[in-house]
Amino acid sequence: MDIFLQQLINGLVLGSVYALIALGYTMVYGILELINFAHGEVVMIGAMVTLAVVNALMASGVDLPGVVVVAGGVLVAVPVCMALGFAIERVAYRPLRRAPRLAPLITAIGVSIVLQNVAMIIWGRSYISFPPILPATRHDIAGAGVTDLQIFIFLLALVLMAGLVLLVQKTRIGRGMRATAQAPEIAGLMGVNVNAVISFTFILGSALAAIAGVMVSAYYGIAHYYMGFLLGLKAFTAAVLGGIGNIAGAMLGGLLLGVIESMAAGYIGDITGGFLGSHYQDVFAFFVLIGVLVFRPSGLLGERVAERP
Amino acid sequence: MNWQRVKSDRRAALVAFVALGLLLAAAPFLVGAGLGNGWVRILDFTLLYVMLALGLNIVVGYAGLLDLGYVAFYAVGAYLYALLASPQFGLHLPVWLILPLGALVAGLFGMTLGAPTLRLRGDYLAIVTLGFGEIIRIFLNNLDAPVNITNGPQGINLIDPIALGGVSLSQSFSLFGMQVPGIYAYYYLFLALALLIVFISLRLQDSRIGRAWVAIREDEVAAEAMGINTRNVKLLAFAMGASFGGISGGLFAGFQGFVSPESFNLMESVMILCMVVLGGMGHIPGVILGAILLTVLPEALRYIGPLEQALFGRVVVDPADLRMLIFGLALIVVMIFRPAGLWPSKTRRREFDSEPSVLEHEQEALYDASR
């Protein structure tokens with residue numbers, strides 16, 4: 001039973017990070033009907049920039065609490081990623097808004113490759129470790145352990161998601177986003193600056209991605225130039241699971257995928273009698289993805305969209 | 001049309017055809033003499049990629065089904081060859097048995113992928129196929145325990161080279177008193193098979209099936225209304241594309257003598273898709289051009305090292321790192337300036353060059369108004 005609780009906790013923490021990234025996919029898809037394949041790379045850049053700042057601060061010997069150092073890194077990483085998100089849309093998607101659908105897919109792949117290789121040239125091919133500056137106190141809950149970091153990640157993710165919902169529901173730009181998602185042409189006629197809304201969506205999604213990147217690298221203790229690919233894929237799966245284009249769906253899908261994955265990793269050995277080990281963990285995201293798309297392409301909370309050409 | 005001109009056109013075509021044939025026949029010797037035998041090996045790989053790209057072209061270019069997991073079928077073919085002709089299971093079956101078997105098994109895998117995804121289109125299909133490719137790769141990576149099948153991440157070694165009529169292609173042979181390495185023999189085998197696949201692709205293009213694929217690509221609902229069995233025709237596209245991939249995989253395993261899951265990652269699928277799209281989807285010469293460009297360019301970019309040396313006095317950035325960066329930039333630039341590909345077919349070019357439709361005009365006006 002304590003394995004169950006432990007995996008539930010791990011899954012929820014991981015899932016909250018997936019949810020943050022999934023929001024970026026879902027918002028862009030809601031507005032442009034486009035899968036931003038380069039989003040995972042923004043997550044990676046967020047983690048890498050933060051780590052670079054943190055490591056530089058540590059090396060320079062400043063005597064600040066670890067939390068402040070990490071916050072400093074985040075303060076650099078978030079604007080960098082926002083600028084990156086803006087640039088990606090401007091360079092790779094906007095010129096192709098009316099081109100055949102394959103064209104933006106290829107430019108997105110191009111952007112991913114470029115970002116990965118730029119990161120590799122700057123930070124090298126090896127794993128960069130996160131200095132152990134965050135308190136790792138473990139609390140005991142009914143036989144399962146939970147660290148301060150896990151609690152913090154989960155709560156921060158919840159706060160950010162709540163903030164996003166408020167922004168989309170209550171503010172003027174949020175109303176513009178919803179209007180553009182409904183019908184871009186009509187929104188334009190009604191005085192919404194469609195291009196500004198699209199840029200804003202990319203910037204917002206990238207800010208969340210940057211924070212998610214920091215969370216992941218702090219949680220696992222490492223960052224790597226290639227980490228964005230799998231993370232992006234899983235977050236996309238989460239978005240599809242919840243119903244792509246649906247903000248609440250992305251959050252639900254993220255948490256659910258995190259829990260499914262952790263549970264699978266915890267129990268797969270027992271279920272298959274040791275035939276499949278926990279290194280099959282990553283397969284589950286793909287099975288979930290295929291299962292959802294085949295049986296319920298609209299996702300848990302979404303409308304029917306899969307038939308769109 | 002002027003009769004005289006038709007005649008001279010035909011003569012010009014014949015001359016060009018003969019010249020191309022001579023060039024293809026002499027290519028390994030010219031390349032080997034000019035650039036060294038390492039480049040003949042690259043030439044062999046180029047032909048493998050031409051076959052792969054033509055296989056994917058059936059799925060993506062003709063039928064418009066966006067497949068990002070194509071490399072899975074390449075992997076199936078390669079692993080089948082590796083398992084049936086290596087010390088792994090102690091089997092050493094002949095290549096002419098394995099290659100058709102590889103095509104068949106890969107084709108079955110293609111149908112397995114196609115069947116549940118028939119309703120999906122566009123980006124969704126891309127993502128599912130991507131997931132499928134990754135699942136295959138993860139299994140290849142982990143099927144070494146508790147029963148060792150694929151040998152896990154280490155891959156399978158000592159695969160039998162392809163042998164024709166009892167003569168192994170990996171050994172050098174003598175020609176006019178010259179010792180010629182085995183990579184030349186592989187070149188001619190690959191060239192023959194690539195030409196066969198080109199021929200099949202050409203015949204398919206104008207066949208009933210090929211027209212049905214294009215109809216589905218352009219408008220699935222209309223195609224169905226015209227009496228096309230979209231389900232069967234789509235499955236056939238998946239199966240055919242996959243079987244070409246399976247054959248190429250088998251050739252790869254025999255040529256390389258070694259397979260590991262590393263060769264079949266997503267980047268490989270992306271690369272093959274880029275060949276098709278960058279060259280000109282659905283246009284065979286375009287796809288071949290794409291395959292040649294994308295195989296040769298990254299290799300040629302290795303020469304950036306000496307260039308940097310000459311320009312800056314030292315190697316600033318490792319050329320191996322830089323070439324993927326340039327590759328990524330090239331993808332973006334080409335797509336922005338030529339979204340139909342470098343060498344699109346005449347019909348597609350017409351579609352892109354034609355006056356924007358009324359609807360597009362309106363949309364443009366609206367976007368402008370919103371600026």
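In case you wondered, yes, glycine gets a Cβ from its N, Cα and C as well.
Unlike curated entries, TrEMBL annotations are predicted automatically.
If you look up TrEMBL, you'll see A:12-35 (among others) marked as transmembrane segment.
The transmembrane segment feature in TrEMBL is assigned to A:42-62 (among others). Away from its own ends, the transmembrane segment (A:42-62) comes close to residues 21, 24, 69-70, 72-74, 76-78, 80-81, 84-85, 88, 115-116, 119, 122-123, 128, 130-131, 133, 205-206, 209-214, 216-217, 223-228, 231-232, 235 of its chain (Cβ-Cβ under 8 Å, at least six residues beyond either end).
Per TrEMBL, transmembrane segment is recorded for A:68-88 (among others).
Per TrEMBL, the feature transmembrane segment maps to A:100-123 (among others).
With a threshold of 8 Å between CB atoms, the same-chain residues lying at least 6 positions outside the transmembrane segment (A:149-168) that come near it are 9-10, 12-13, 16-17, 19-20, 23, 134-136, 139, 174, 177-178, 204, 208, 211-212, 215, 218-219, 247-248, 251. According to TrEMBL, the transmembrane segment annotation covers A:149-168 (among others).
Summarising the annotation, TrEMBL assigns transmembrane segment to A:196-220 (among others). Under 8 Å from some Cβ of the transmembrane segment (A:196-220) lie the Cβ atoms of residues 13-14, 17, 20-21, 23-25, 27-28, 31-32, 36, 39, 42-51, 70, 73-74, 77-78, 80-82, 84-86, 88-90, 94, 130, 134, 149-150, 153, 156-157, 160, 164, 167, 173, 176-177, 180, 187, 227-228, 231, all in the same chain and six or more residues away from its ends.
The transmembrane segment annotation in TrEMBL covers A:283-302 (among others).
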